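K.L.:
According to TrEMBL, the protein carries these features:
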ACT_SITE  Asp102  active site
ACT_SITE  Asp289  active site
DISULFID  Cys115-Cys121  disulfide bond
DISULFID  Cys280-Cys284  disulfide bond
DOMAIN    84-504  domain 'Peptidase A1'
DOMAIN    314-354  domain 'Saposin B-type'
DOMAIN    377-418  domain 'Saposin B-type'
SIGNAL    1-25  signal peptide
Amino acid sequence: MAAAGHLMLLSCVLLHALLAGPAEGLVRVPLTKRPVDEDGPVVAGEDAQRLLAWRHGLVYNADVPTTGEKGHAVALKNHLNAQYYGEVGVGTPPQNFTVIFDTGSADFWVPSSKCFLSIGCYLHASYKASKSATYKKNGKRVALRYGTGAISGYLSQDNVQVGGVVVKNQDFIEATREPSITFMFRKFDGILGLGFKEIARGGVEPVWYNMVNQHLVGSPVFSFWFNRHASEGQGGEIVFGGIDPKHHKEEHKYVPVTKKGYWQFDMGDVLIGGKSTGLCTSRCAAIADSGTSLLVGPTAIITQINEKIGAPGIFSQECKEVASQYGQRILDLLLNEIDPTKICPSVGLCTHSGTQGVSNGSFGIRTVVDDETGRSNDAMCHVCEMAVMWAKNQLAQDQTQDLILKYINTLCGYIPSPMGESSVDCKRLASMPDVAFSIGGKKFALTPEQYILKIGEGDATKCISGFVAMDIPPPRGPIWILGDIFMGAYHTVFDYGKMKVGFAKAA
């Protein structure tokens, strides 16, 4: 989940209405979308902070069933391209709950009627075991920590209705404590995780696994379609068991899952206006995460995006110092073809002999005080490594030394606050560049209209960048979280059977 109160609640997949029954094996779940400005600070899905902790001629794939085959779907409600939600039923007869469908977690929890000490529980639907004929006691205690809060409770077992099908004997968490203010003001009751069981607590088999094991879907595939036109009809749809060809305009590009837990895969370069940003040219990891609204990536790249879209950053004395005192030396070493990973240690700004990677630690977090100002070796090292990457990338574009030094100094004013939102001038949208992600050798571009979130109407409209900085060190990083902004532009297929993720331009 988003950690800082600075972020707006921009990520959530929540169910809206259960369809009457399975349509030849495709379980359809409608989604509803909620606006970003409805209740202030954000949270939804385990996004950036969960990774900081690291719990961490329509053409379609003929191997994946479409609407004509066995599968089911759940419609999603859409609220201003910010949150997507809907409804599931727990127990017999079903007790309905609004939940997020989160591909970035694997647990399923709803508030318990035994939750007495948390105000959040009184503001949402709660599960009453005594009202269900199919309830089975477990009682094992479980605690979950999200980036924006934590919940705790115990395991229970009951039937769970998703779309038109019933998953029998599903273990889930009855939340008895929800201390975070995040859960108090949320629009959802609980979270239904669609990640791999490797990240599920207590050895619980996730809902999706049981849908497959109980043969409730025609194929071990589910797909997301987010309707980004908030005011036009249904907010979106999750299709369990296959793909609806009406949800996409082109053939899907598939890439293999590289790490089970999250739906993680490898991606290549990130381009701003068609130009490389440098860091991911060899490889970056990425996660397709329906529980995150925004696009979360390395500070070194988000800074370059901020500069192009006019999103102001924090003042960085460390960056200004590196640019003024070490900029020319960095350029000279690069021109002399010194290994870029050795440059910052050679100028005395990093104490290690290899590279930390520009993804080492969130910028500005200080751990080793080296002088009376409290400036840390880690912060100076991190900035130096970003400067090396920026300079190397500019040299590859045949820029002059003077322009490169000025560019680095300029970027120092656009370093984003970790996990903080960035406002931009709404009048500048037409001049902002596309930002493209290279996945499987194909470029998936986002236009300013797609990556800028608009809040309010008329003269009161505020524009927020959909990009947020978060750094994960190698070997796990650098990493990108591609949330609802990306999944709204590109219909996303999660193929559990073949361990791959697919993207295609959304209809």
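Using the three backbone atoms N, Cα and C, a Cβ is placed for every residue, glycine included.
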K.L.:
Just checking, which of Asp102, Asp289 (active-site residues) has the fewest C-beta atoms within 10 Å of its C-beta?
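P.N.:
Checked Asp102, Asp289; of these active-site residues, fewest Cβ neighbours within 10 Å: Asp102.
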K.L.:
Which of these recorded positions is closest to Cys284 (disulfide bond) if you go by CA atoms: Asp102, Cys115, Cys121?
P.N.:
Asp102
K.L.:
Over the domain 'Peptidase A1' (84-504), what is the model's average pLDDT?
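P.N.:
Here the predicted model's pLDDT, averaged over the domain 'Peptidase A1' (84-504), is 89.
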K.L.:
Would you count the other C-beta atoms found within 10 angstroms of the C-beta of Cys121 (disulfide bond) for me?
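P.N.:
If we count other Cβ atoms within 10 Å of Cys121 (disulfide bond), we arrive at 23.
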K.L.:
Fill in the CA-CA distance, Asp289 (active site) to Cys121 (disulfide bond), as an integer in Å.
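P.N.:
So the alpha carbons of Asp289 (active site) and Cys121 (disulfide bond) sit roughly 26 Å from each other.
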K.L.:
Name the residues of the same chain, 6+ apart in sequence, whose Cβ is under 8 Å from the Cβ of Cys115 (disulfide bond)?
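P.N.:
For Cys115 (disulfide bond), the qualifying residues are Cys121, Ser126, Gly153, Glu174, Ala175, Thr176, Arg177, Glu178.
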K.L.:
Write down the Cα-Cα distance for Asp102 (active site) and Cys280 (disulfide bond), rounded and given in Å.
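P.N.:
Cys280 (disulfide bond) and Asp102 (active site) have their Cα atoms 26 Å apart.
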K.L.:
Other than its own, how many Cβ atoms are within 10 Å of the Cβ belonging to Cys284 (disulfide bond)?
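P.N.:
23, counting other Cβ atoms within 10 Å of Cys284 (disulfide bond).
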